[in-house]
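First up is the structure itself, then whatever we jot down about it.
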Amino acid sequence: MAYASATGSGHLMRARVGELVFVIVIAALFAASVAVTIVWCASMSKMGAMPMPGGWTMSTAWRPMCGQTWARAAASFVGMWAVMMVAMMLPSFAPVWWRYRRAVRGTGEAGGAGRAGRVGLAGELRAGGLSALMGIGYFFVWAVSGCAAFALGAALTALEMRRPVLARGVPLAIGLVVLSGGALQFSGWKARRLACCRKAPTCAQTQPVDARSAWRHGVSVGLHCSYCCAGFTAILLASGVMDLPVMAAVTAAITAERVAPDGARVAHAIGVVVLGVGALLIAQALGFA
């Protein structure tokens, strides 16, 4: 009896240590990604920006630097984007990641200490490995979205440099993008995507728990998340991809609508604010403010 009690206590201790390590890893990953993003933003701001017709400036992130090839410029942007997405998405993704880790350990959300205690060291290591694969799959989706963002941004900036009339319309276009992002917050499409992200089923109870399913689940969650964040992503790209205040505001908005008790109401409140900002930007572009 004493032996069983001691064994159970040992397993429970390993479970708690495993959870603590997981939290520490997430915190370290977040801190590192934020630090690198801030350094990159400072570096980009020192490089300056290109003044454009219409009274705005073009970021150097969309063009190759002197002596740099397009391939290197794209790789640099995607790397920067991937790190930035870790910093921006981890606050809202961390609870989903946590639930997945608990599920692959066989406990689930309501798993008690007794069940958690029966998971040995091998189970903890396996849960950690599968959780890592799930997270890699999730952020892989965001890295791929960075490739699409760079291709679109590079094409648009090339057109704006060749057609001054298009460049003059950019401030108005930015306002329209922000206004559209605010309106999207009230759509049924957004409500369905947000509900899916808030539930974020782990699928661990209905699918094989192995490396392949962990990767596929991470990719699936990443795709749903990217759809839900389409409006915010468009706002970020239009307003300034390396603008720290914009990044912080978008991060706060995404996190709030995902983790707040009433996500739909929070999403609508955010939509009202974004609509106001979009209207102000349009008024400024038209010379009314």
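Heads up, the Cβ atoms here are built off N, Cα and C, so glycines get one too.
As the structure is a computational prediction, the values presented were derived from the model and not from experiment.
What TrEMBL records for this protein:
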TRANSMEM  20-42  transmembrane segment
TRANSMEM  73-98  transmembrane segment
TRANSMEM  136-158  transmembrane segment
TRANSMEM  165-184  transmembrane segment
TRANSMEM  230-254  transmembrane segment
TRANSMEM  266-286  transmembrane segment
For the transmembrane segment (165-184) and the transmembrane segment (230-254), check the count of CB pairs under 8 Å (sequence separation 6 or more) and say whether it reaches 3 or more.
yes
Among the ranges 20-42, 73-98, 230-254, the one whose Cβ pairs under 8 Å to the transmembrane segment (266-286) are most numerous:
230-254
So if I exclude everything within five residues of the ends of the transmembrane segment (73-98), which remaining residues of that chain have a CB under 8 angstroms from its CBs? That is, six or more out.
22, 26, 29-30, 33-34, 36-37, 40, 61-65, 131, 134-135, 138-139, 142-143, 145-147, 149-151, 154, 197, 200, 221, 225, 229, 241-242, 247, 250-251, 254-255, 258-259
Can you name the far-off residues of the same chain, 6+ from the ends of the transmembrane segment (20-42), with a Cβ under 8 Å from a Cβ of it?
80, 83-84, 86-87, 90-91, 94, 97-98, 101, 128, 131, 242-244, 247
Intrachain neighbours beyond the transmembrane segment (136-158), with Cβ under 8 angstroms and 6 or more residues off its ends:
58, 61-63, 70, 73-74, 77-78, 81-82, 85-86, 89, 93, 97, 214-219, 221-223, 225-226, 233, 237, 241
